[in-house]
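Asker: The substrate binding site feature in TrEMBL is assigned to B:Arg336. The feature domain 'Aminotransferase class V' is assigned by TrEMBL to B:27-327. Annotated N6-(pyridoxal phosphate)lysine per TrEMBL: B:Lys193, in sequence order.
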2 protein chains.
Amino acid sequence: MKDKSMLMIPGPTPVPESVLRALGTHPIGHRSGEFSQIFARVTQGLKWLHQTKNDVLILASSGTGAMEAGMINFLSPGDRVLVGSNGKFGERWAEVALAYGLDVQEVKSPWGTALNPDDFKAALEADTAKTIKAVVITHSETSTGVLNDLEAINAQVKAHGALIIVDAVTSLGAVSVPVDAWGLDVVGSGSQKGYMMPPGLGFVSVSAQAWEAYKTAKLPKFYLDLGKYRKDAGKNTTPFTPPVNLFFALDAALEMMQAEGLDNIFARHARLTQATRAAIKALNLALYAPDDAASPAITAVAPAGIDAEKIRSIMKKRFDIALAGGQDHLKGQVFRIGHLGFVCDRDILAAIAGLEASLRELGYEAFAPGAGVAAAAKAISA
Amino acid sequence: MKDKSMLMIPGPTPVPESVLRALGTHPIGHRSGEFSQIFARVTQGLKWLHQTKNDVLILASSGTGAMEAGMINFLSPGDRVLVGSNGKFGERWAEVALAYGLDVQEVKSPWGTALNPDDFKAALEADTAKTIKAVVITHSETSTGVLNDLEAINAQVKAHGALIIVDAVTSLGAVSVPVDAWGLDVVGSGSQKGYMMPPGLGFVSVSAQAWEAYKTAKLPKFYLDLGKYRKDAGKNTTPFTPPVNLFFALDAALEMMQAEGLDNIFARHARLTQATRAAIKALNLALYAPDDAASPAITAVAPAGIDAEKIRSIMKKRFDIALAGGQDHLKGQVFRIGHLGFVCDRDILAAIAGLEASLRELGYEAFAPGAGVAAAAKAISA
């Protein structure tokens, strides 16, 4: 039905009406005092969200652009980097590193499982010459719904002294990423995720230790040169024309997030995650990620024996619910339910109810009618 | 007055209500059939605007990001490039080239004057060994309001055989940039200019000869790797999450532009330019760029004896008209009137009327009251 689409994908996520209204207002000049006021306000909001006093810089880019900036600004050709890889995004950061001629060592774990902090411990302890300059970690692996143990891995990186560069694209705003408390050097994210706004802005937080590395880093850059953004951020402006309308939307979204409060935001995402997982179990379908490494942003379901694409198709046609499919070799094998950003309990109940009906339509009846919804309802009332 | 701001700067330009409404609609999934339809439609519209059958690729970036992509995808470290420089943007492309370790030779002309095609002829003819791989030209120099003679310079580049890389950021959509007829290899632009939409999208058109160069080009890239965009454009999608709301806006803006027609768009910009320049002359103020090299996007005015910043301040406070200031060493010496994108005759008359009143307020009376408006009115009725 026209205009009835409900996004349950890991970005773009649903966007509140007030954020859309802000987005659709007439642009202003980006070299105006009015824009500088917005710039200053959203920068403060970003620091709040990142729980940091570090710089948080804003690029016109996707999350990948932000992560690439987060890597190339602090490294030189041939530098050794350790990249955690247990899904599509971990693989992507290794590709970025290779594209820039870095010496890449991957720490791997199968898709659907979490990275093992002990593997990082071993690799980092073996590096007695301290040739590893940075460790790149995907916090929430969007392709599999796995949340890696960033705190434990980071402890190993701190013990070694390398920079830690974190892909927090689908974790920031869904689960606590305490940048200062954990000492996270570089954290990249994108606007169409926990930020509750459309895609088009990338964010990078940068620690003092990372800025030290910047001074001698020699990979070439211009548009993604974070030093230019830091310099102009000091004057509440940007080195290149910013997407002013997306700044309006960011301003409105951060205001909503601050009104809700960090603890409430994280509790809501935890509740939505638990409700979704309880429902999937009650429907006797397999969760692709284990309970102890469940992403707060997305739940991947492996409906063995049923083509995941058929489930997505019925969900879309009958109920106007957009689910994400599997990426790469997981296409057809999993579907993914996004519960990130502007999502409430009602959305999960509706999605699970629609999923039950879709499964029945496909002849899958290995669950008592209503069992999924009942399990979700119980989880959110717990 | 709140909500009364009138943008007469060279971007962001005014945006039509229908484009803003499209911008502010709920996002959709970027891996959906619905998005692919929009992608296909805007790609066709972009080819129409560029007058080309070449690929026109869409990035989430500013115009600088698009230009950087247009340079680094076709060159290798140490490659020799000729960069035309007669303003802030020409200087910027030389900086980009230097940041990537290219061997840069600048062809200069003073700010406020056009590049001399003979200078390119001399430099290119001297390169009998054909070591110059590319020539980078700013078509409309936004900092000065000078339109460089792209057709004549391009003829020299064609005779040599190097690639031509064009910054058409403030010329595309304002004056004809016939990519195929002239054989322009790479053309970069940005959404907040002739496109009549907010900033956030960059565009790059790429010729077959440029794609040949891409095959052996070795500068590092990932987010700005145009090969990835070309590959996915063949499937009507993007390699990284696109700013879907900006695509909605682009779709609406291109529809409006196609309804107006290229010839009408260019005639309107020529008329607005002539009206602005006639008015400035009637006010006995100095035009910073000569008549035979006047940008169709922006007119820079050097009000000798009056602080240009004071004029801008009164225009803003009394009339809610935003003019651009001078960049770098021109700050205070010039102001710039944007007449690019969604601008009509009435806007020019209003701006000139406001300018007359502002000048009087500053004690400048070297013109008959109404003379500027009368000259503009005559020019638009011619």
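Keep in mind that glycine also has a Cβ here, set from the backbone N, Cα and C atoms.
No curator has checked TrEMBL annotations; they are predicted automatically.
Set these features in their place in the structure for me.
Answerer: Spatially close to B:Arg336 (substrate binding site) yet at least six residues away along the chain are B:Ile9, B:Pro10, B:Gly145, B:Ile298, B:Thr299, B:Ala300, B:Val301, B:Leu323, B:Ala324, B:Gly325, B:Gly326, judged by Cβ distances under 8 angstroms.
Shown in sequence order, B:Pro10, B:Gly11, B:Thr13, B:Gly63, B:Val169, B:Thr170, B:Leu172, B:Gly173, B:Ala174, B:Ala297, B:Leu340, B:Gly341 are the residues of the chain, 6+ apart in sequence, with a C-beta less than 8 angstroms from the C-beta of B:Lys193 (N6-(pyridoxal phosphate)lysine).
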Asker: What three-state class does DSSP give B:Lys193 (N6-(pyridoxal phosphate)lysine)?
Answerer: coil
Asker: Determine, from DSSP, whether B:Arg336 (substrate binding site) sits in helix, strand or coil.
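Answerer: Looking at the DSSP assignment, B:Arg336 (substrate binding site) belongs to a strand.
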